[in-house]
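One structure is given below, encoded as structure tokens.
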Amino acid sequence: KPQLVASNDRFCRFLEEHCPVVTETYYPTIWCWEGRVQTLLRPFITSRPQVQYRNELIKTADGGQISLDWFDNNGSLYHPDASTRPTVLLLPGLTGTSKESYILHMIHQSETLGYRCVVFNNRGIAGEELLTPRTYCAANTEDLEAVIHHVHSLHPSAPLMAAGVSMGGMLLLNYLGKTGRDTPLMAAAIFSAGWNVFESVESLEKPLNWLLFNYYLTTCLQSSISRHRQMLEQLFDMDLVMKARTIREFDKQFTSVMFGYPTIDDYYEDASPCRKLKSVGIPVLCLNSVDDVFSPGHAIPVEAAKQNANVALVLTSCGGHIGFLEGIWPRKCTYMDRVFKQFVQAVFEHGNKIFSM
């Protein structure tokens, strides 16, 4: 069974009653139970549900633009009135977009419940042009704040919550730690977040993890900015950035410089959600596996979570990073998908039981 960490008895009872999956035994796929294997295989094994998006580009205060992909679910039987249809804002991982299989599955789950979804694509990675020499990072929440304000202003009567995966979860936690209760979001779900960036990069720099994950992710980051090289060369030595062989080197030469941090350690400290958990002011459910090399088990802030009545952690012993595969042939629904579906439905349909906490 997963470990459920929550100091608030009412939140615990709410989850046990309306999100019972967090108390059920999680049986990982027996032939790929190890965390790294789960992490590597999930993108190739899981299906990719068909989703028809409506794209919207919104302008930012600094002259940039953000690409939003909407799944309006206009055929919703449970919520036919678009003005009050519950909306889920989805935040993909580090170089992820609305095309990731885990995002498509979240939308598929939301569709069956009658909800609307909107995917926040970070600047410059979903095919749109960079209008300014700026991309994104886990610590800077300005773009996320603009998106949440925009979505809420379009549908002010619609209940709104958010779900973030990996770096998307880190960004969402950093936003919630900054805003406290002052947010239009009712609640949030966080999956496979890296809680302490120092511990995450150290884990990813171990030889086997570097070979399996770190080098590949670094090349993905470089690929995501190479298309915008002409714009970015105004501020960066792109030849140096393209020589990076680890995420740490990339962040040192590019990310920390872009967002004005004196050192990479200053950036990593600001980007680590564990330091802001005490300030979260709305109900948040966080799912992590303790065998996740991107967010090692010893770095999960269990004690800090116990100090905030709004926070619940669900910790599995297996599952890897955005893995959580189950069943003999795990093509479709994962344990993570089931947690997402039950928690979102619990918040939208029974949320009044926890909002008085």
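Placement of Cβ uses the backbone N, Cα and C atoms for every residue, glycine included.
TrEMBL lists SER166, ASP292, HIS321 with the feature active site, charge relay system. What TrEMBL records for 86-327 is domain 'AB hydrolase-1'.
Shown here: features listed in TrEMBL, placed on the structure.
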| residue | record | Cβ within 10 Å |
| --- | --- | --- |
| SER166 | active site, charge relay system | 26 |
| ASP292 | active site, charge relay system | 28 |
| HIS321 | active site, charge relay system | 25 |
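Cα spacing between SER166 (active site, charge relay system) and HIS321 (active site, charge relay system): 8 Å, rounded to the nearest whole number. Taking the Cα atom of each, HIS321 (active site, charge relay system) and ASP292 (active site, charge relay system) are about 5 angstrom apart.
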